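Copied from TrEMBL, the annotated features are:
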DOMAIN    52-111  domain 'Amino acid transporter transmembrane'
TRANSMEM  84-104  transmembrane segment
DOMAIN    197-503  domain 'Amino acid transporter transmembrane'
TRANSMEM  200-221  transmembrane segment
TRANSMEM  241-258  transmembrane segment
TRANSMEM  265-284  transmembrane segment
TRANSMEM  304-323  transmembrane segment
TRANSMEM  335-358  transmembrane segment
TRANSMEM  378-401  transmembrane segment
TRANSMEM  432-452  transmembrane segment
TRANSMEM  458-476  transmembrane segment
TRANSMEM  488-506  transmembrane segment
Amino acid sequence: RIMGEPITATIPIGQDRLDSHDSAAVALASAPRSISGAASGPRAVSTADDAQISNSEVVLALVKCAIGAGSLSLPYAFKEGGLWFSLIGTVLIGMLSAYTIILLKQCEEAVGLKLLAEGQIDGKGRSISAASGNGGFVKALSPPLLGPEDFNIDPIVNVESLAFNVDPIVPVAPRTKLMYPEVAAGAMDGAVAKSVMKGVVNVGICLTSLGVCAAYLDFLAATLPQVLGPLLGPDFGELEATLMVLPVMLVLVLLRTFKVLSFTAILGDIAVTVALLAVVVYGFATRDIDLSLPFINIKSLMKFVGATSFLFAIHIVVLPILHASKSPQSFAKNISTSFSFITGLNAIFGFLAYALFADDVAPAVTDNLDGGSDATQATLNAVKVLLCVDLLFTVPFVFVAGREIVEREVLSRFRDGERTTSVMHIRNTVRIALLGCVVAICFGVPCFGDMVNLVGGVVNATMGFILPPILALKLFPCMSLFATIGHVLILVFGVTALVLTLFFTAQDLADPNHS
């Protein structure tokens with residue numbers, strides 16, 4: 001229960017809240033492609049009140065957010081974890097990701113009620129300019145551990161002391177549209193705690209954005225020489241490929257509108273689908289399936305966790321998609337449905353690809369598409385080119401997450417009069433500097449598999465398995481002992497994944513024999 005005690009902490013709503021709807025999470029979710037590399041379509045989310053999508057469209061958008069470039073690293077993750085253990089682990093981490101996403105949405109609803117009690121929003125989740133008093137209320141919340149999805153329907157709110165005039169007792173269902181940073185800040189008490197939590201989430205979004213872009217650049221640098229090497233000569237390597245795509249990336253990140261890239265939504269669907277099918281078909285055509293591969297690989301187990309977290313922990317993009325739903329009360333059902341499909345498909349693909357290519361499986365499994373007749377090789381190269389083009393045009397959609405946050409912070413340092421004439425120059429400077437950071441990360445971690453492990457095991461684990469249980473423990477202090485233990489265990493899992501993934505990946509990068 002959240003009781004109607006006087007609440008002194010405040011959360012900025014006005015312009016800051018409106019800005020967040022055009023910030024990192026919205027940009028990632030509304031882009032034709034998202035952090036794992038899959039299309040979510042331009043209608044996946046909108047902040048407009050009339051832009052609502054059906055349950056089936058919500059499910060489809062969530063599926064597209066989690067199936068993409070991350071899926072291409074999964075077979076190698078199976079090698080790191082062991083064939084059968086990885087199959088089980090993929091299912092478990094997929095289920096855990098689905099649950100923590102549901103938990104994050106429940107936390108958003110609880111923070112919305114908290115704002116309602118503070119008088120900062122009205123019964124429809126709209127910001128109000130001034131509020132006197134705290135507006136106590138009594139709201140029964142279901143246990144957050146997989147509780148019923150209608151837990152936020154028709155709460156009874158005492159609004160006698162609020163600044164707007166309505167009946168003293170009215171049933172309302174506040175439908176706030178808070179982004180992840182606002183949820184994290186709203187769960188805390190005290191200005192310092194709010195600022196720290198919001199900063200942590202913003203940093204996490206920036207690191208995810210830059211890390212995923214660097215992973216894509218690693219993929220392009222490793223794949224293009226395979227395709228263009230025979231045409232441009234043996235000296236065309238990863239450095240040359242990187243220098244070739246950088247001018248294109250620079251143009252893309254400086255774009256002022258994404259309308260010119262709307263065609264990439266369909267391109268993304270085609271590229272990823274063809275790539276996954278090509279891997280399986282080529283594997284069965286050239287290899288025998290081997291089910292006797294190691295059950296578990298203890299030494300590199302946490303690398304498996306990092307790669308699967310990269311794939312499943314899409315928490316920074318789900319809230320905008322759920323905001324656009326016509327039936328927001330069905331969010332738990334939609335998440336469960338989408339992740340059942342996501343988990344099943346990726347578990348089968350990872351299992352089959354590793355069982356077919358065995359110890360020869362590459363960090364990006366498309367690297368195994370090599371050999372056969374000239375016609376076969378030409379077809380496989382066409383698949384790689386299609387995937388490279390798709391990932392290249394995905395970069396600006398992923399990049400926008402980090403640069404929105406940094407641009408807003410930089411521009412806030414200037415008075416309105418000072419920034420009016422130079423705002424575009426400032427934005428361009430920020431974008432060029434961030435692209436330089438992406439290139440630096442790429443050269444620092446040149447292997448696609450290592451980059452996936454770092455982003456997944458460190459950043460995504462933090463955003464998906466550390467912060468949601470912390471927020472839940474803070475917002476739902478009266479949860480049962482069983483639920484408390486469950487959330488503490490999720491938190492421990494996230495911290496363990498972060499520490500061990502960082503340790504083992506750093507160890508690999510320091511090894512001169514590591515490829």
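Cβ coordinates are placed from backbone N, Cα and C, and glycine is handled just like the others.
If you count C-beta pairs under 8 angstroms between the transmembrane segment (488-506) and each of 200-221, 241-258, 304-323, 432-452, the highest count goes to 304-323. Within the chain carrying the transmembrane segment (458-476), a Cβ under 8 angstroms from the stretch's Cβ atoms is held by residues 2, 96-97, 100-101, 103-104, 106-107, 110-111, 114, 141, 143-144, 180, 183-184, 187-188, 200-201, 204-205, 207-208, 211, 305-306, 309-310, 312-316, 483-484, 487-488, 490-491, 493-495, 497-498, 501-502, all 6 or more beyond its ends. Looking at which of 84-104, 200-221, 241-258, 335-358, 432-452 has the most CB pairs under 8 Å to the transmembrane segment (304-323), the answer is the stretch 84-104. The transmembrane segment (241-258) shares more Cβ pairs under 8 Å with 378-401 than with any other stretch in the list 84-104, 200-221, 335-358, 378-401, 432-452. Counting only same-chain residues 6+ beyond the ends of the transmembrane segment (335-358), those with a CB under 8 A from a CB of the stretch are 58-60, 62-63, 66-67, 71, 74-79, 83, 86-87, 90-91, 94-95, 97-98, 101-102, 105, 276, 279-280, 283-284, 287-291, 293, 311-312, 318, 365, 368. Between the transmembrane segment (432-452) and the listed ranges 84-104, 200-221, 265-284, 378-401, the one holding the most Cβ pairs under 8 Å is 200-221.
Below 8 angstroms of C-beta separation, residues 24-25, 28, 35, 37, 69, 72, 180-181, 184, 238-239, 241-242, 245, 249, 316, 364, 388, 391-392, 394-395, 398-403, 405-406, 434, 437-439, 441-442, 445-448, 451-452, 454-455, 458-460, 462-463, 467 of the same chain, each at least six residues beyond the ends of the transmembrane segment (200-221), sit close to that stretch.
Break the domain 'Amino acid transporter transmembrane' (52-111) down by DSSP state and the numbers are 53 helix, 1 strand, 6 coil.
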